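S.K.: Okay, these came from TrEMBL:
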ACT_SITE  His117  active site, pros-phosphohistidine intermediate
BINDING   Lys11, Phe59, Arg87, Thr93, Arg104, Asn114  ATP binding site
DOMAIN    3-137  domain 'Nucleoside diphosphate kinase-like'
Amino acid sequence: MPKQKTFIMLKPDILKRGLMGTIISRIEDKGYQIERAQIMDLDKQMIAHHYAHLLDEDFYPKLEAYMLSGPVFAMVVTGENVITGMRQLIGATDPNEAESGTIRADFAKNVTENAIHGSDTEENAAIEITRFFNSYE
Ligand code: IDP
């Protein structure tokens, strides 16, 4: 299995609550490498592109407010089968449904403020990495 890249983003409350290091350790402990990273503020347009599939949802304004509530930590993470592996490490969208030991089960506050994003497909990983880092190397 060749190395893959995925886009991972620690959401604002993780930075505010001082949990960045803990979550980065979980990623590295799984054998993945952080290849690129930056702390950044998102704007409404960036959030609308990233969550374009959710723009019509009732909860979108709440999601937008959460993603604007502080800087995020954006990363390109690499490793064997990293897209599926990171989705497993992250857990289900709703922390009440996330398997124990996953990042969301341990650190997400609720289904909106759920700590972390990870790309779901290789195609989306390439789109998201390009959106956040301006290039897919
Ligand atoms: P994912 O982040 O697990 O891939 P998506 O369905 O793409 O799940 O949702 C994107 C983000 O939108 C979630 O991570 C969460 O922050 C928020 N979200 C998703 N579903 C709900 C919901 O039912 N209520 C409130 N917020 C939600």
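Keep in mind that glycine also has a Cβ here, set from the backbone N, Cα and C atoms.
Unlike curated records, TrEMBL annotations are generated automatically.
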S.K.: Can you tell me how far the Cα of His117 (active site, pros-phosphohistidine intermediate) sits from the Cα of Lys11 (ATP binding site), in Å?
M.R.: 7
S.K.: Determine the minimum-neighbour residue: among Lys11, Arg87, Arg104, His117, listed as recorded positions, which Cβ has the fewest other Cβ atoms within 10 angstroms?
M.R.: Arg87
S.K.: Counting Cβ atoms within 10 Å of each candidate's own Cβ, which of the binding-site residues Thr93, Asn114 comes out highest?
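M.R.: That would be Asn114, with the highest Cβ count within 10 Å.
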S.K.: With every protein chain in view, how many other Cβ atoms are within 10 Å of the Cβ of Phe59 (ATP binding site)?
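M.R.: The answer is 11 other Cβ atoms.
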S.K.: On the Cα atoms of Lys11, Phe59, Arg87, Thr93, Arg104, Asn114, which are listed as binding ATP, what is the maximum pairwise distance in Å?
M.R.: 22
S.K.: Would you mind sorting out which binding-site residues among Lys11, Arg87, Arg104 put a C-beta under 6 angstroms from ligand 1?
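M.R.: Checking each Cβ against ligand 1, none of them comes under 6 Å.
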